[in-house]
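For B:1-10, the entry in TrEMBL reads compositional bias 'Polar residues'. If you look up TrEMBL, you'll see B:1-31, B:817-847 marked as region 'Disordered'. Feature annotation from TrEMBL assigns domain 'Phosphoribosylformylglycinamidine synthase linker' to B:63-105. What TrEMBL records for B:101 is active site. Positions annotated as ATP binding site by TrEMBL: B:104, B:146, B:562, B:599. Residues annotated as domain 'PurM-like N-terminal' in TrEMBL: B:129-243, B:505-623. If you look up TrEMBL, you'll see B:148, B:600 marked as Mg(2+) 1 binding site. The substrate binding site annotation in TrEMBL covers B:149, B:150, B:151, B:152, B:171, B:296, B:368, B:369, B:370, B:602. Annotation source TrEMBL lists active site, proton acceptor at B:150. What TrEMBL lists as Mg(2+) 2 binding site is B:172, B:324. What TrEMBL lists as domain 'PurM-like C-terminal' is B:257-405, B:643-784.
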């Protein structure tokens, strides 16, 4: 399986996302912002960082990068796309996901190990978690406060599209403690905390982040492989 | 008039830049206004620029050398060197390059101690005098690291001052050919509760975070120390470390006649003019705030692009020489690269891409605009270099070429024109290497004898167990000992995915090689109070502490960098402190076998007559053959019934002078600092290295500020594991055991079953090893016969201080819930309109 990781100017966690994909057993393929060719990847990660310096508004410029034109089209066709932190912001700016990520309520950048509860396990990126599973993943952002209008929030909740919620403390003031959401089809996921930083015992607070990457491998393997992998679902 | 070049000249191709950034347009020439530093420099517009020709014709014209910080005799020497009066541009260049900050004129004679006493070492690939020292850590890999000050700018403008401090040190690392991989920040502020600290600290922390986070460099450690002596002179030191393949080491020499001089990175603006001369090389007065224009303004995004383009250029072998532009800007980069090679240089100044078209040649030369590098490239590689720059969206402009040395073999000249006016014609070495050197008068501070006689060992101490308990709680809540999470969680410590340990651990530990597990540990430490009481011993203590912090993680300490923060060198007492500290550090490094690879001197940390405590900050780097064997500081949850065994390593003496206890409970500073025994530090380090390799230790924490009490609290709170401690009954009182700051000590946790092997190893190394208790499943810290404090109570005392002082980051979950209940939908929709203008009123998201 080939997981593409996009590098925008100012992307920072692109190497980490590629490493996480490799550890999960995928082939990591680096995609360049100026190249619209997706190089036959099976899934795409939009990594964390400060694409284009986060000038104008986080993700607002990246959304117009040539590679994004292709990703937006492919995502509408079902390509699994995971946006982490800045990648989540890009997905919102690209209108692949609803809502917006605004300045943390306390106005500070915050980096800490954050407990999350996985709420939706029917997406391309979360199917290897158990519903309600509590996971520990680093969060680090200055503009991670998720906001949307009441109707959108109700709709997200009603359709089971909140994929993870902050528990034991909300690090940025996100509405309804939302840490991540998915689109209607479940192939596009945006998450503010960084699963790619929780894939090795040596450097992360847990191995919980790996589940996002193994999930997409399972969803790509399709129904036939589903049965074989099911035994390994619970970590 | 300043315009972008239209045509190629002398093999140097026309400027190219980012397509969407138009070249600076020609603008009417007007005299800029408002900048104190600039006004002194700029008087060249009314009759055109001050040229060499004009300077020769008007030898008697009065020049503002004193306003630029040049002494009369220094000015006379410049006239001798040039055989005429300098032009306005030349005068500015000499004033910058001969400033204390650039020339090290007061410190040079003392810094020779580091070279004289450098221990034998085969790892060093580059040392003092380079942008940063380079140390080989394996056959193929080297690391480079350095700590630098950005004190004055950070006081004047905390956010930008601190941000550009990070940017500057990162470019030093980059210039050596390395990929920067982490930063650390030793910080010192005035009293924690002083109103101005509430201005400076949050700005500095946000600036460090804002720049470092956006650059994608993990912040893995540092220090935050409060003391009233830093009230008007906070210290913002920044350390960076980078990694390079040995063969990628870069040079700064501008070699190869005909090679092209390329300016890479941000455009040049009017920020930071006079930064090193006016700002960094003078004491503060009441008008410090007006010096804000001398502070540079940073753009971390540009620096990130600069890093990536430089690394791509190195890997493609396209760079013959490189130098970063920091303090002293283009002036420093041009003169140092030419002087290092002995060549000359010809520069067309009008080619420099500008932010403001009306900048004069002097301003262009003096600007300290950030995110710029100077490259020397061969003419045939120029197109490839420009293509790499264009790929990353960075300006790259050929601004000059390397010229030959003189026919008689003497070094070449630096010839700079601006629209065909010759504004500079100087021997580059006269600026870079031949600056004045002073042997300043030195005198022991007159109050030192009295200060040393006023010992803290005689102060009243807690009289009973209840008072001891209260002292523990009071101490851990004091600003210097309390939890620093409020600061450190504003820094990204995860990015790049190689951070093995970061603050609050004793050292930052990085994995360097994913295949082999090769890694490094880094710690920066300093204690201004100890150095005030005895600068020689104080510097050694700073070295010993950093060395110990590295060693207790299991790493082998191998190299040192330093940032020497002092008051005015014109004060003989300060100069004496400086000389003592340098000697102490040089002697210490010689004894430990860890060479000083580079560093920085920061003088004039002084407001009026009040200097800061002498504050040598020492960074020690160690290496791991396999970083998976690093030892963390937190007690692990007990694996076996009865818990891990706790041992105190080293010897506890009655040493309270200069201690945190004396300061917090009595506001006292006096006596002599703790004794330094570097042989004992080495023995402790060797023991910890062996114990780490043998896997005998589950946790280790160095003892320093706050003594044993502090270490027990921190190691318990880290993973919420209690401890039952029995203090040795050896005639030393429980209070002294808990709060003495004797050096050369650490607490270790040893899993049951390993105790015999560990104590035998300690005996073999001659390290005193005293059993002091066990870790416990009960969540309390109990000191038998004295007190027991629940961990929750400790945590409350430990973690509230900075949050209460600087506010803001209490848990949001409760606050948010309240806000949601109190202010329902209306508030949310308002927020939405502001933050999502793309979809006003309509449904958001259409996946």
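Here, residue 1 is simply the first one shown, and the rest follow in order.
Heads up, the Cβ atoms here are built off N, Cα and C, so glycines get one too.
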TODO: Out of B:148, B:172, B:324, B:562, B:599, point to the one nearest residue B:370 (substrate binding site) in space (Cα versus Cα); all of them are binding-site residues in the record.
DONE: B:324
Task: Cβ packing number for residue B:324 (Mg(2+) 2 binding site), 10 Å threshold - done: 28
TODO: May I ask whether the domain 'PurM-like N-terminal' (B:505-623) has at least three C-beta pairs under 8 Å with the domain 'PurM-like N-terminal' (B:129-243), counting pairs 6 or more apart in sequence?
DONE: yes
Open item on the list: Tell me which of the binding-site residues B:149, B:171, B:172 ends up closest to residue B:101 (active site) in space, Cα to Cα.
Closed with: B:149
- [ ] Across all the protein chains here, work out how many other Cβ atoms are within 10 Å of the Cβ of residue B:146 (ATP binding site).
- [x] 26
TODO: Quick one: of the binding-site residues B:171, B:172, B:368, B:599, B:600, which has its CA closest to the CA of residue B:150 (active site, proton acceptor)?
DONE: B:600
- [ ] State which of the following binding-site residues has the fewest other Cβ atoms within 10 Å around its Cβ: B:148, B:368, B:562.
- [x] B:148
Task: residue B:172 (Mg(2+) 2 binding site) CB neighbourhood, other CB atoms within 10 A - done: 25
Open item on the list: I'd like the Cβ neighbour count for the residue listed as 'active site, proton acceptor', meaning other Cβ atoms within 10 Å of its Cβ, all protein chains included.
Closed with: 34
Task: Annotated ATP contacts B:104, B:146, B:562, B:599, maximal Cα-Cα distance (Å, integer) - done: 17
- [ ] Quick one: give me the count of other CB atoms within 10 A of the CB of residue B:171 (substrate binding site).
- [x] 26
Open item on the list: Counting by DSSP secondary structure, give me helix, strand and coil numbers for the domain 'PurM-like N-terminal' (B:129-243).
Closed with: 48 helix, 42 strand, 25 coil
TODO: Work through the binding-site residues one by one (B:149, B:172, B:600) and name whichever has its CA nearest to the CA of residue B:104 (ATP binding site).
DONE: B:600
Task: Pairwise Cα distance for residue B:324 (Mg(2+) 2 binding site)/residue B:149 (substrate binding site) [Å, integer] - done: 16
